[in-house]
Amino acid sequence: MAAVLTFRRLLTLPRAARGFGVQVSPSGEKITHTGQVYDEKDYRRVRFVDRQKEVNENFAIDLIAQQPVNEVEHRIIACDGGGGALGHPKVYINLDKETKTGTCGYCGLQFKQHHH
């Protein structure tokens, strides 16, 4: 739940102020999506001695933030992440208030009720 609240808080920031994307530590090492970065003298850096640390630069939070809010007609929406083996358990999201945007706790997709 804390991740959803953090995600919502980040989405309210102006695009220039968001901290999305690959960041680099003071030592020049890329920081992963989990914030993993090692000190210069950390023994765990031995696995990157003769090779570069590979970090996927397409963080999921960046990709979800680019998705537009889905406008739906119903008051309650069911999200299953696309269904099948690639989806997630079905969750139901209430969209009762006019200004409310419902966010799926699994995949981060946002839904808003289209009022006539």
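Quick reminder: no glycine exception, Cβ is built from N, Cα and C everywhere.
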For this session: Could you check Swiss-Prot and say which of Lys53, Lys112 is marked as N6-acetyllysine?
Result: Lys112
Exercise. Do you know which of Lys41, Lys90 is annotated N6-acetyllysine by Swiss-Prot?
Worked result: Lys90
Exercise. At the level of the C-alpha atoms, what whole-angstrom distance separates Lys112 (N6-acetyllysine) and Lys90 (N6-acetyllysine)?
Worked result: 18
